[in-house]
Structures are given as C-alpha cells and as structure tokens.
C-alpha cells in the first residue's frame with residue numbers, strides 16, 4: 001500500500017495535564033478546543049494556512065476557539081496542525097479520508113496558500129490511492145465514518161468508480177487481489193480450485209465492504225456489462241456467506257427477539273433484513289447465475305428474518321425456474337415464527353411449485369411430416385422454412401427439458417412429502433394439496449408417494465375414514481411396485497378400499513401376463529399368493545374366503561419392507577369381509593350424502609367395482625376358470 005510523507009521537522013507535540021502543547025521558544029497565543037481536548041498553539045502557523053480559523057479569530061474576540069463536530073476528531077485535527085508547523089506526517093489509505101475532511105473543514109485551500117494541504121491530499125488521492133486496488137477498497141471502507149463529507153467531496157463515488165473499472169478492465173489480473181494472494185500462500189489449492197477462484201478474484205476483497213457501499217459497487221460492476229452473470233452470482237454468494245449469519249444463529253436471533261423485544265435485538269434483525277433484501281435486489285436476471293441451493297438458503301433466511309413479501313416472492317419465482325436442481329433438505333424451510341406449530345413452512349413450497357407449474361405450461365409441438373411426401377417438400381423448402389425448422393427443434397428441446405424437469409420435481413416433491421408427513425400438526429389439506437400439485441404423468445411410479453402417505457397416516461392416527469380416503473385418493477395403485485403392493489396389503493392404516501384395489505390390479509396384471517404367454521403355469525404369481533395369504537384367502541376356493549379375526553400388529557417403520565409378510569403373525573385386524581361391507585356403507589353415505597360435489601380425481605379413485613365383496617369373488621373365479629381350462 002502506498003503512503004505519502006509531508007513535512008520534515010520532528011514531532012514536538014506533547015501532553016501537559018489536560019492540554020496538548022507544542023514545544024517552542026515562543027509562548028503560545030492561541031487556544032483551540034476540539035472534541036473536549038484543548039490545544040495551546042500559535043496563531044501564525046495556523047492562520048497562515050487555515051481560512052476558517054482566520055475568520056473565526058476576526059469574528060470572535062474570545063481567547064478560546066471552539067471547533068464543534070470536527071470531522072475525524074482530535075487525530076485529524078492534530079494531522080492538520082502538524083502540517084501547519086511543518087512537522088512530518090504520514091498519509092495513507094487509512095487516514096486520507098479523515099485528513100481530507102478535516103482540511104476541508106479548516107478551509108486549507110489554495111486560496112490561502114499555494115501547495116496547501118487540500119491540494120497535496122487531492123494529488124496523492126488521484127495519482128496513488130485510486131490507482132491501487134487495495135488502497136481504493138481501504139479508502140472506501142473509511143468513508144463510512146464520514147458519509148456526508150465523503151459524498152460532498154466525491155471521495156466515495158471516485159473510489160467506487162476506480163474499483164469497478166479495475167474489475168471490468170482486468171478480469172484475470174489475480175495479482176491485484178489481496179485476499180486471493182493471501183489464500184494461495186496459506187492454502188495449497190488444487191489447480192481446478194485455483195482456476196475457479198481466479199475468475200472471481202475480486203469477490204472476496206469487496207466482500208469486506210458494508211452493505212451500502214457493496215451495493216453501490218456491485219451496481220457499478222453490473223452496469224459495465226463485461227462481467228458474466230455467473231461471476232456476479234458467485235460474488236453475491238461470497239458476500240452472503242460472510243455477512244449473513246448461519247440459519248441456526250438466525251433462529252436464535254429471532255427467538256430472542258420474540259422473547260424480549262429489546263432495541264438491540266430489533267436493530268440486529270433489521271440490519272440482517274436490510275442486508276438480505278439488498279442481496280436479493282442484486283441477483284442477476286439470468287437463469288442459473290446462482291444455484292438453486294443458494295436461492296433456497298436466502299429464502300430460509302428471508303423467512304426467519306421476516307423479510308418483505310416482495311423479496312420472498314422474488315426468491316420463490318427464481319427458485320421455481322430451476323427447481324429441478326433442489327434437494328429435499330433445501331426445501332425444509334423453517335416457519336417465520338417460533339410460535340408456529342408447524343415444523344416447516346409448507347405454504348412457501350406450495351407457492352414455488354405453483355410458480356414452477358405456471359412457467360412450464362407449454363404444450364409440446366407436433367411431430368414433423370414423415371415419408372416420401374415430406375422428403376420432397378423438404379427439398380423445396382426455402383431458407384425461411386429452414387429457420388422455422390430450427391425454431392421448431394429448439395422448441396422441442398425446450399419441451400423435452402420441461403418434461404424432464406417435471407419428472408425430477410415430482411421425485412423431489414414425494415421426498416419432501418415424506419419429510420413433512422412426520423409433522424403431527426401438518427393439516428390434511430396442506431399435505432393433499434401439495435401431493436396433488438404434481439401432474440399425474442410426472443410420477444412414473446407411486447412408491448415414494450405411497451411411502452409419504454404411509455408416514456402421514458402413522459403420524460396422524462386420529463384421522464377418520466373419510467380423511468384417510470382423502471389422503472389416499474391421489475395414490476394410483478397401478479403404479480405401485482410389487483414390494484409396495486405387498487406392504488400395502490398388510491397396512492392396516494390404509495382404507496380397505498385401497499387394499500382391495502391393490503389386490504385387484506395385481507390380479508389383473510397376473511391375468512394379462514398369462515394371456516400374453518408370459519406364464520406357462522396356471523398358478524398365481526408368488527406375489528399375489530403372498531397378498532392373498534396375508535388375508536387368509538384360499539385362491540383355489542372362493543367360497544371359503546372366510547377371514548378370521550386377528551390381533552392387531554405394530555405399525556411398520558417408515559422404510560417399509562415385505563419381510564413381515566413371511567411371518568405367520570402378520571395379519572390384519574378384524575374380518576376383511578365385515579370391514580368391506582362397512583367401508584361400502586361409508587362410501588355410499590359420502591357419495592350420496594352431504595358431501596356435495598365429488599372431485600373427478602376421487603371418482604377415478606372409486607373406479608373399482610362398486611361392491612368389493614363381489615369383486616373378490618370375481619377375482620377368485622377368474623383364476624379358477626383359468627385353472628379349469630388348463631386341466
């Protein structure tokens with residue numbers, strides 16, 4: 001870092017009791033009071049360089065000159081006083097702002113004397129400070145102590161312009177970075193890490209700035225248009241990780257604020273909130289400029305710090321654009337207040353999903369013409385038609401990417417449902433709404449969804465039958481794997497109609513496989529046998545489908561398995577036949593009573609035969625007829 005020395009005389013200032021004096025053969029004739037400190041000085045050296053002191057002495061006959069609100073305090077005043085006496089002073093990036101403001105206050109300009117302090121400081125500032133990377137940043141940091149003076153003297157704006165111009169003109173000049181050079185010395189970084197770090201060499205250095213100065217600097221860098229959006233995003237991530245407290249610490253801050261509304265806690269939260277909202281306003285508009293994980297971390301902090309609704313909605317919109325990159329842990333956003341009974345903020349995730357579905361609602365384009373006619377037409381195409389084809393191909397790729405994204409998001413949502421299902425205070429409506437927000441085609445299988453439903457039913461054992469049916473109506477039994485079906489068959493938390501539906505579709509699969517010649521034997525597949533055996537059903541004797549009363553079993557763990565089916569103790573409580581009859585009566589009351597309009601999805605769910613008892617006989621008779629034919 002650069003510095004400048006002015007004057008040649010040794011320092012003769014000394015302290016006597018409560019006074020600061022100058023050792024001289026001439027007695028002092030001038031008393032100045034600055035910030036409670038008194039100086040016994042001489043008029044001639046001071047008045048010859050300070051126009052303000054000249055005017056104050058001529059206007060006031062008092063022997064003591066008061067300098068209230070002196071910029072920089074006694075340190076800055078003493079620098080100016082020593083300059084007047086010709087005593088050696090050292091000016092650097094750390095004290096040039098204080099010295100410049102003090103010199104301006106005392107009016108040490110060229111009007112009073114050529115080569116005065118203001119002129120010398122300006123020359124050093126423009127020729128040395130602004131040309132140095134580290135000097136510019138340090139000087140900009142020191143302007144925080146003198147915001148009004150620094151703005152009036154254009155010190156702040158000139159430092160910001162100098163920093164931005166160096167970032168824009170030297171994007172690969174890593175040697176400028178103080179933080180990067182220090183890190184390379186301390187850390188033996190790999191070549192890949194060093195290369196990635198060198199691209200954003202400036203990010204860590206300007207991260208030392210306060211949020212107001214940082215925001216203005218980043219605006220200047222962004223307006224230059226030469227720095228890629230990804231590097232802007234990396235710089236914001238570096239700054240957020242440095243100044244935003246961790247989420248755990250944030251939660252403690254919020255909890256303390258709720259427990260005791262002290263001014264200090266309120267100020268801390270307000271500062272963090274301002275910092276967060278400023279970072280959000282600086283986010284690049286380009287998709288992928290910042291990672292989805294970073295956006296969701298900002299959203300978590302926004303929820304905890306109670307940021308503005310507009311800031312949270314902006315983050316939700318940005319997250320929706322790249323939601324397929326998120327993980328389940330990223331979506332576990334804590335609620336706004338510790339007073340909330342819910343473990344996670346499900347509403348904000350529902351908003352993100354809604355935004356994701358809205359921006360992905362583009363119909364896939366139709367396929368191009370094929371065949372000889374299409375080939376002949378293709379030969380006669382004009383250049384404009386070729387351009388249309390290119391747009392068509394881009395549209396297809398975009399549509400394919402959208403479809404792939406929805407498949408990933410569906411998997412993500414099912415994993416998220418498994419996590420929030422453990423919350424005993426999670427309302428049924430929120431769980432169902434979130435499960436239904438995913439398009440049906442995006443779930444290739446329903447195993448993860450079934451696992452989430454199973455967890456929810458076990459965590460909410462006080463649900464009545466209609467509520468359990470409402471939870472299960474989004475489940476498509478045709479998309480369950482063999483393992484999931486076998487688990488569902490012994491899951492006493494499921495509505496019995498779902499169990500029957502599982503058996504029905506498994507039998508239908510077995511029959512279809514037999515008709516297609518995939519089975520040379522008339523025996524039921526082993527998984528169907530296991531399902532029926534779990535309910536004490538003899539597949540060879542439909543009339544003997546009596547179901548013995550059993551004792552209830554303990555609910556399986558969240559990670560269900562089929563090992564329980566092999567145990568002779570694994571049975572459903574109550575008789576299946578009586579429960580089917582009871583279940584049928586409840587369905588009829590629900591469909592014909594005061595249930596109102598029946599949702600279309602629920603109608604599809606109830607598309608199995610109307611009388612489950614007859615359905616069981618029908619299933620078994622199909623198998624029996626098949627056996628007779630092969631005899």
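Quick reminder: no glycine exception, Cβ is built from N, Cα and C everywhere.
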Phosphoserine: annotated position in Swiss-Prot, out of 60, 567:
567
For which of the residue intervals 244-282, 283-321, 322-360, 361-399 does Swiss-Prot record region 'Disordered'?
361-399
Determine, from DSSP, whether residue 450 (phosphotyrosine) sits in helix, strand or coil.
helix
How many other Cβ atoms are found within 10 Å of the Cβ atom of residue 450 (phosphotyrosine), counting all protein chains shown?
27
Within the domain 'NPH3' (200-509) only, compute the mean pLDDT.
83
